[in-house]
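*Asks:* Here you go, one structure.
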Amino acid sequence: MQCKLSYGKELRWDYQFLRKKCKEVGIEDEFHYHQMRLRANNVYVFQALHAFLTLLHCGLLIATCMHLQLVYIDIICYMVSAVIVIVAMWVNVNVKLGLKYKWLKYVTSTTAALCVLLVDMGTNFYHEHFNDWFLETFFDTYIIIMIYMFFPIPDIPPAMGLAATISAIYIIYYVLFLGSLNLGEHSRFGETIENLFYYISLNMMCTYFLIMREIVVRASFLDRHQYVMEDIALRSARATERIFLHTILPPQIAQPIQDEIRNRIKIGQKHHDLPSNKRDRVIAIQMHPDVSILYADIVNYTHLTTTLSVKELVTLLHELYARFDNAASRYAVQRIKFLGDCYYCVAGLIKPDPAHAICCVNLGLCMIDIIREVRDEVQIGIDIRVGVHSGSLFAGVLGSAKLQYDIWGQDVLIANKLEATGMPGQVHVSERTLQMVKNMYEVYPGTKAARTDAFLQKHNIITYLIISINDKGKRTELDSESNDSFNVIQHQESSSGLVLSEELKKMPLGPNGFSLLVGKLFNLKNHQELPSMSRVEIGTFFLNFRNPALEYNYLHQPDYMFKYSVLLAWCCAMSLIYLHLLFDDKHNSSGLYFDLLTFVTLSLILLLAWYKKICFWRYSMHCHNYSRLSCALFRMADSLQCSLLKRITVYTYFMITYILIVYMILDNCNEAEFQLAMIESIVYKYEQDAKCFSSWQLSCSVVLIIFMTIIFTRIPFTMKIIASLFISVIYSSIFLFQFDDVINDGGATNPYFPPEYAHLIMIIITLCTLYLQERQAEFNNKINYKWREELLKKQEDARITDQSITILLHNILPAHVVNIYLTSVAKCELYYEDYEMVAVMFASLQNFDLTLPNLHILNDIIVHFDQILYFYREDNLVEKIKIVGCTYMAACGLDLRFSSLISNGTGRGDSVFQEIHRERVSDESAQMANYTLTEKREEVVLVLTTFALDLMRTLWVCKNNYMNLSMDRAVFNADISIGISCGEVMAGVVGASQVHYDIWGNAVNMASRMDSTGVAGEIQVTEETAVILSKYGIECNYRGMTFVKGLGMLPTYFVGITSSFEFVNIGEKSLMSNASNPHSSETST
């Protein structure tokens, strides 16, 4: 079995890859700024730590030295040096100063390091020259660790250079000063070689620590960059969609529907098979008690549909409606919708407005001026009638597909009647509206048609005419008004870079401790306090999440830097093995076997951890199939990286190995023989030949062990601290108290200062330094992890919100129209599509009063109608266009390909769907079996007629379902009349606000007339439509010559339908032979 190498996840934690990626995404400057802040924050810790070390060292010198006069110079030098170092480093806490003078951090760091080094070596030179004391250096390990850990050098190469220079100076010191003393074979010159390896190991370990810390920080930066950019993009898209949505549906209507969709999405994610209850869905209808309604109708529109091309007609409508919309926006009037030549809107709807009547009348006068301007420009004989009435209404949306904001109520019908009975070029208002506008206009009595209208008489409506004053000075130019909504979006997009920069600056610097105290005391501007959330959710000492689940998930993250930790641990083990072999004078075979076994096992672990990386280095440039053994090694390496238990096992094995090697070094030392040899060397005055081990070398090795114990990645922080404390305490207890003679022979750091205290200080300072650094890194990692988890939750909520907005938008407009208006097309531009053959249907409920209780019934019926659309989602898709009162408008042949927005699982058990689906499948199978489609484009007529028949079936099923409900039976006596026509149609969006997808053309007008002149329970079609249906074997019965407004007498047909709502097949009978002997009946509107 062969396999491919998958190295993508590991590559994300590769040092060079991360550096390159940060430059690619443009966050390298932000990363360096963060490094400056991180280093500046470390300066606080260094100053406190250095002050503590100086005070501890000086205090112990005063307390333990028998001859204080010998150490006064040491204490003075240490104190003066500490002041110089702290003052020199203090300027680095100001990040802005460091950015302005980049050389400052290098000069101050070098000054501090050389100051400590000169004091360390200077005191030794002084005591050797004046007091004949040969002393060990004290600050060498401390300085090197401080350079890497706390000095304000942001880049690794300069830190390595300074640390290497300090190490070289100490090596030269050993060679030139101590090595020149000519102490024999066991002189300190031999220890110089040992120290050389120690400095190399220490520098390598500190360098790897910096590299691994930079890897973690860069990975966190890239993660935060990715999440922030995704969040910015998501918020920007959501804002765009929300603004776009609210231009179509008012927020108070859109929000309940959006909340319902969001809840259904969440429920659907948790319970995939749970059907939704359609009867429990929200009905977004609200009552508005004090508004004014304006209806406007373009005079001579029907004639225009027959004289102008469809494109010319739509262009004219767009020009008019765009200006109307801008005027409505100026006068704070909410446009509801337009129905071909009818435009209606409401004032005081979105926000209460006491002057709503004045706004509507002013808008009406403005619309008259606009249409006169357009009439003069295009030289077409058009005019406008305007009716305005004040009262109350219901506003909202009905149905479940292609939602549109609409209004209902008695006062809405009155406003419509005022428009219908008005005079062109004048505003026809009711008495109530006139009372609200007072004496602001020139008023005349209403029209004769209004005085004789039965509906207006029934409701005692007295009307008046307001004459338009042709004064263009009263109306400011409206066409140039900008779209503030889209300006807001553009501003959001332009500020995304600033938001990203601010988010990256919020990257944590470490836990609030001493640095916060110092920052508050000195009122440092660059110091930022972390939110209290961090202190509450994360423990103080061990930095554990107080939420166990969060802590568990954090600990069980994969460790893609495991191989680097193993490499460091292996190097540390090799240095200990070398030290063991160096001090093993007896050449114990068991010790040699143990060293060999340790080398083999640790090398195998190292090979396993690095095998994928080696293969990637070798074969990354071309595809390579790996052997079965390599595949097994890959899986084992992945298992080590991903398993916390296995990583802890490897970590524990390394720690036990270290302890055993140190134990064998100590065990090889016979203290009795060492004491006897030391006495003889003193008595006979020769250099001691028997030497157990170098105490300082062993303590330095323990420093490396502590170092490795703490910086091993992705091991629980608590475990690392406990392990390092355990090693420190055990080593100090055994080494310092059992081998005191060996320690005293190893040399002191100050005159009469017990060497064991110097060893102990080095262990304590190392432990504290590494604890503080690892605590900072652990804290930052956990804050970033918590931030990432919270952002993922926010993004999930935002995604659901965005999805709900998208679903709602797609449930208002076709998907491609939504995408166009969210991306490229300006809101005020005309967007249109041409279609040669489209079938158009109008279906009206007869004898249905639009009262509030009936609106609930109407909504339920339309929801069922909308759900029938899901059966018509193939090539010839049936598209719902709009609802006008009780009229349902749909079309087929628009070729709008988009998925339905409500779950496919909804309602499949509904009796309506079972009945409709069964009957429709039966009809289609019979038709397709007997007839061949000769013209594909004419199939849209068959599809839409079948849909119309489904609506009739649906209404019949609804009426049967409602029979058992305790409601007014008269509501369910309503029947449906349907009109269908076909022909050339233009579809698109006109106007400057409330994007609404509509269709225009003679076919649309004819379908509307077929419905308005139709008969309840019948589908009336034009002659062209009847001819097409006959090709599919559907009988169409000639009704007679019917008067159609604007066109005169036209032949119409009823589609043959049985009592069980099935099509009547014509068989051998020809439609045209039926037409040769027509009925004599004629109908008119």
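Each Cβ is built from the backbone N, Cα and C atoms, and glycine gets one as well.
Quick paste from TrEMBL:
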TRANSMEM  43-64  transmembrane segment
TRANSMEM  70-91  transmembrane segment
TRANSMEM  103-121  transmembrane segment
TRANSMEM  133-151  transmembrane segment
TRANSMEM  158-176  transmembrane segment
TRANSMEM  196-216  transmembrane segment
DOMAIN    292-419  domain 'Guanylate cyclase'
TRANSMEM  561-581  transmembrane segment
TRANSMEM  593-611  transmembrane segment
TRANSMEM  648-666  transmembrane segment
TRANSMEM  693-712  transmembrane segment
TRANSMEM  719-737  transmembrane segment
TRANSMEM  757-773  transmembrane segment
DOMAIN    829-1011  domain 'Guanylate cyclase'
*Asks:* Given the cut-off of 8 Å on Cβ pairs that are 6 or more apart in sequence, determine whether the transmembrane segment (158-176) and the transmembrane segment (561-581) share at least 3 such pairs.
*Replies:* no
*Asks:* Could you tell me what the rest of the chain brings near the transmembrane segment (757-773), counting residues at least six beyond its ends with Cβ under 8 Å?
*Replies:* 45, 49, 53, 56-57, 60, 64, 136, 138, 141-142, 145-146, 149-150, 209, 695-696, 699, 702-703, 706-707, 710-711, 721, 724-725, 728, 731-732, 735-736, 743, 748-750
*Asks:* Is the transmembrane segment (43-64) close to the transmembrane segment (133-151), in the sense of at least 3 CB pairs under 8 angstroms with a sequence gap of 6 or more?
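*Replies:* Yes, the stretches contact each other.
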*Asks:* What mean pLDDT does the predicted model reach across the domain 'Guanylate cyclase' (829-1011)?
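*Replies:* 75, rounded to a whole number.
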*Asks:* Look at every Cβ pair spanning the transmembrane segment (693-712) and the transmembrane segment (103-121), keep those 6 or more apart in sequence, and say whether at least 3 of them are under 8 Å.
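*Replies:* Per Cβ check, the transmembrane segment (693-712) does not touch the transmembrane segment (103-121).
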*Asks:* Looking only at residues six or more beyond either end of the transmembrane segment (719-737), which have a C-beta under 8 A from one in the stretch?
*Replies:* 542, 648, 651, 655, 658-659, 662, 666, 695, 698-699, 702, 705-706, 709-710, 712, 743, 756, 759-760, 763-764, 767, 770-771, 774
*Asks:* By a Cβ-Cβ criterion of under 8 Å, what residues six or more beyond either terminus of the transmembrane segment (648-666) are in contact with it?
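*Replies:* For the transmembrane segment (648-666), the nonlocal Cβ contacts are 566, 569, 572-573, 576-577, 579-580, 583-584, 591, 594-595, 598, 601-602, 605, 640, 693, 698, 701-702, 705, 708-709, 712, 715-716, 719, 723, 727, 730-731, 734-735, 738-739.
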*Asks:* Count the residues of the domain 'Guanylate cyclase' (292-419) that DSSP assigns to helix (H, G, I), to strand (E, B) and to coil, and report the three numbers in that order.
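*Replies:* Final tally across the stretch: 61 helix, 38 strand, 29 coil.
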*Asks:* What else in the chain is close to the transmembrane segment (103-121), if you only count residues 6 or more beyond its ends and a Cβ gap under 8 Å?
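*Replies:* 39, 77-78, 81, 84-85, 88-89, 91-92, 97, 137-140, 142-143, 146-147, 151-154, 158, 162, 166, 169-170, 173.
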*Asks:* Short question: which residues 6 or more past the ends of the transmembrane segment (43-64) have a Cβ under 8 Å from it?
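*Replies:* Distal contacts: 71, 74-75, 78-79, 81-82, 85-86, 89-90, 92-93, 138, 142, 146, 149-152, 514-515, 518-519, 750, 752-754, 757, 761, 765, 768-769, 772, 776.
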